[in-house]
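What follows is one structure encoded as structure tokens, with my remarks underneath.
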Amino acid sequence: MKIGIDDIGLSVPQHFFALEELAERHGIDPQKYLVGIGQEFMAVPAPDEDIVTLAANAALPLLDDASRASIATVILATESGIDQSKAAGLFVHSLLGLRADCRVVEFKQACYGATAGLQMARALVAQRPHEKVLVIATDIARYEQNSEGECTQGAGAVAMIVAENPRLLELHPHQGRYSLDVSDFWRPNLRSTALVDGKLSIEVYLESLRNAWQSYRADGGLGLEDMSFLCFHQPFTKMAKKAFSVFEAIEPEAAKALGEKAYSTSQLYGKAIGNCYTASLYIALLSLLDNSDEDLTGRNIGLFSYGSGSVGEFFSATVVPGYQAHSRRKAHARMLASRTRLGHEQYSNWFYGDNHPAVADYSTPYVTGGAFRYGGCEGYRRQYESTALSLKMAS
Ligand code: CAA
């Protein structure tokens, strides 16, 4: 049975901040961020945007009457949870008008959660092939202001429909996994920003990749020589180059034959958006599918997912004939091209201001141009609403 990604969509906030300007504020050479880290911009959510609105915006274009009727599970993966108890996916399920006899669950393991979601979705579709699973990766990456991590912030969501006989990517059954209890990046309860040991996090990421690759090969996975492209979890796009160097060390001939083009197209979106934790790997995948000028039909793609703390997984997929007909590349290009640049003060207010205070009742200003907005809290109950855009898209 062929199971995989039948449809995939991206959503990013409509505002961004340039890392060149951040470098000026930090009094350092902009080339450190642009080249050394490999980031140009970070996506900045407005006060009335959060992981729920990003998730719902990413999924909305994928839905019609037929897909609404066949989605029986929603798995929302995030590091940026909005409630200690209730799954954020329940708000998304409601905003999207999905059927009531649907299971909704939230997955958490730092940046890895969506990959666990994808594997669970694959197993559910194998069990009940007439049903589809909506997997959404959605995050806002936040570090303390003026910390080393600030230049790797970002925000965005990727929604994927997993189904039998997929129209985009067939997932292979081989899995390479590696878990290790380590404190390289974490976010204690009640903190809105992550704590990180940056250098350790890079070391553990690379160790995790080496081990996950061995595990994938031992599970009967493809050799590197059978792959055309590699997509890595990209907290910052330079990380893809570091990850590729693992293959240059352990599979030198195959890595040389692949060269930098194995991952360079997958870096394009990440450079313009920044880290989106759970969504970053899938943004890399979309960047490859949307921006490659080659026909990718029949090509094998290796994917490495990493979530600090830590879990790594290597898996692979084949691009399905006819995939181009289902591409949303034009809509994604429009979304990125129409963003507005923020100055430092506005970015700082939105990322670090007290826009979502820990009080029972507050409202947010109307800023978003997206299909859904976060209106604030009433008695600690989060309030979401559809905007005129979602009504227009539905009609
Ligand atoms: N021109 C060009 N390059 C320059 C430069 C200049 N003027 N100045 C410095 N550089 C280069 C450095 O040589 C270095 O390159 P290499 O990594 O190839 O050696 C690069 O810029 C970064 O410089 P530093 O190592 O000095 O940077 P830093 O100490 O400020 O921290 C960081 C970098 C550790 C990534 C930090 O941004 C951080 O902590 N980020 C958050 C954590 C993170 O993203 N970890 C990644 C793995 S964990 C993960 O993947 C999960 C997740 O999503 C968080």
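The backbone N, Cα and C atoms fix where each Cβ goes, glycine too.
TrEMBL does not curate its annotations; it predicts them automatically.
TrEMBL has this to say about the protein:
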type     : residues                      : note
ACT_SITE : GLU79                         : active site, proton donor/acceptor
ACT_SITE : CYS111                        : active site, acyl-thioester intermediate
ACT_SITE : HIS233                        : active site, proton donor/acceptor
BINDING  : ASP29, TYR143, LYS242, ASN275 : (3S)-3-hydroxy-3-methylglutaryl-CoA binding site
DOMAIN   : 3-163                         : domain 'Hydroxymethylglutaryl-coenzyme A synthase N-terminal'
DOMAIN   : 178-246                       : domain 'Hydroxymethylglutaryl-coenzyme A synthase C-terminal'
DOMAIN   : 254-345                       : domain 'Hydroxymethylglutaryl-coenzyme A synthase C-terminal'
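DSSP states for the domain 'Hydroxymethylglutaryl-coenzyme A synthase C-terminal' (254-345), grouped as helix (H, G, I), strand (E, B) and coil, give 47 helix, 19 strand, 26 coil.
Among the recorded positions ASP29, GLU79, the residue whose Cβ has the fewest other Cβ atoms within 10 Å is ASP29.
The (3S)-3-hydroxy-3-methylglutaryl-CoA-binding residues named in the record, ASP29, TYR143, LYS242, ASN275, extend over a maximum Cα to Cα distance of 22 Å. In this structure, the C-alpha atom of ASN275 ((3S)-3-hydroxy-3-methylglutaryl-CoA binding site) lies 10 angstrom from that of the residue listed as 'active site, acyl-thioester intermediate'.
For CYS111 (active site, acyl-thioester intermediate) paired with TYR143 ((3S)-3-hydroxy-3-methylglutaryl-CoA binding site), the C-alpha to C-alpha distance reads 14 Å. Within the model, the domain 'Hydroxymethylglutaryl-coenzyme A synthase C-terminal' (254-345) carries an average pLDDT of 98. Cβ-based neighbour count (10 Å, all protein chains) for HIS233 (active site, proton donor/acceptor) stands at 32.
Annotated pair LYS242 ((3S)-3-hydroxy-3-methylglutaryl-CoA binding site) and HIS233 (active site, proton donor/acceptor), C-alpha to C-alpha distance, rounded: 11 Å. Cβ contacts within 10 Å of LYS242 ((3S)-3-hydroxy-3-methylglutaryl-CoA binding site), excluding its own Cβ and spanning all protein chains shown: 15.
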